[in-house]
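Swiss-Prot has this to say about the protein:
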BINDING   Asp21, Asp23, Asn25, Tyr27, Glu32  Ca(2+) 1 binding site
BINDING   Asp114, Asp116, Ser118, Tyr120, Glu125  Ca(2+) 2 binding site
BINDING   Asp206, Ser208, Thr210, Glu217  Ca(2+) 4 binding site
DOMAIN    8-43  domain 'EF-hand 1'
DOMAIN    53-89  domain 'EF-hand 2'
DOMAIN    101-136  domain 'EF-hand 3'
DOMAIN    145-180  domain 'EF-hand 4'
DOMAIN    193-228  domain 'EF-hand 5'
DOMAIN    237-272  domain 'EF-hand 6'
Amino acid sequence: MDSAFANLDAAGFLQIWQHFDADDNGYIEGKELDDFFRHMLKKLQPKDKITDERVQQIKKSFMSAYDATFDGRLQIEELANMILPQEENFLLIFRREAPLDNSVEFMKIWRKYDADSSGYISAAELKNFLKDLFLQHKKKIPPNKLDEYTDAMMKIFDKNKDGRLDLNDLARILALQENFLLQFKMDASSQVERKRDFEKIFAHYDVSRTGALEGPEVDGFVKDMMELVRPSISGGDLDKFRECLLTHCDMNKDGKIQKSELALCLGLKHKP
């Protein structure tokens, strides 16, 4: 393996690949190959001078090893197999086949399978979890491929070998989008800016467009809020903070957080 790729992880590799494989057909072709390898080298060695000779050297090495059909193009799986460690490679392939939209969608699925709020999902539950996830994205996965994904996940992420995965494990596996709340800096904003940001935030989590956060919408908001101050949270932590949020914000005790209630909790005056 070339030293240029020693520190590359799946997230970084995927971001670069998607930039060049614009039509998402699983190939990088022609001049794109030169641009692709040049970009990767610049990303990984920002202080080094990237010469045409170095680019062609890397390109030749990859093409001779993986372009078995001599058609002048490479597949993402071939590159991943060569330059990524096993764990990151698996994450890469999985992310391409089943991207999740946001934390609300993730929590809808989590709540369906963690029905007892234990904070864990067993191997059997995981298999059903994946099946529904692929159906949600209108993808038909053969039984053998479903078994392969399930087994691989348990082997990689079930570190203590107790046959179950926690909330944080699945959040990483399913590659949730970057925390939506990271783009906002409420403390440093004026009242006008805070109100504007609040509208964006509420609209993002109010997926059902009912004017209130309920069920997985509350879960998704709580998850992102907690992760602003605590990068790794458990299912139990989420449930405790969710209960706390409802206690303080759900003024009419209907199990939902109305837009006006959340605004009040955040120190904003909301006009219906």
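Numbers here mean position along the shown chain, with the first residue as 1.
Yeah, the Cβs are placed from backbone N, Cα and C, and that goes for glycine too.
For the binding-site residues Tyr27, Tyr120, the greatest number of Cβ atoms within 10 Å around a candidate Cβ is found at Tyr120.
When DSSP labels each residue, the domain 'EF-hand 3' (101-136) comes out as 25 helix, 3 strand, 8 coil, counted as helix, strand and coil in that order.
Applying an 8 A CB threshold to same-chain residues 6+ apart, the list for Asp206 (Ca(2+) 4 binding site) reads Ala212, Leu213, Glu217, Lys259.
Annotation note: Tyr27 (Ca(2+) 1 binding site) sits in a strand segment as assigned by DSSP. The shortest Cα-Cα distance from Tyr120 (Ca(2+) 2 binding site) to any of the binding-site residues (Asp21, Asn25, Glu32, Ser208, Thr210) is found for Ser208. If you count C-beta pairs under 8 angstroms between the domain 'EF-hand 4' (145-180) and each of 8-43, 101-136, 193-228, 237-272, the highest count goes to 101-136. Averaged over the domain 'EF-hand 2' (53-89), the predicted model has a pLDDT of 79. Sequence-distant contacts of the domain 'EF-hand 6' (237-272) (same chain, at least 6 residues past either end, Cβ-Cβ under 8 Å): 117, 119, 167, 186, 191, 194-195, 198, 202, 206, 211-214, 218-219, 222-223, 225-226, 230. Calculated from their C-alpha atoms, the gap between Asp21 (Ca(2+) 1 binding site) and Ser208 (Ca(2+) 4 binding site) amounts to 33 Å.
Within 10 Å of the Cβ of Asn25 (Ca(2+) 1 binding site) there are 11 other Cβ atoms, across all protein chains. Candidate binding-site residues: Asp116, Ser118, Ser208, Thr210. Nearest to Tyr27 (Ca(2+) 1 binding site) by Cα distance: Ser208.
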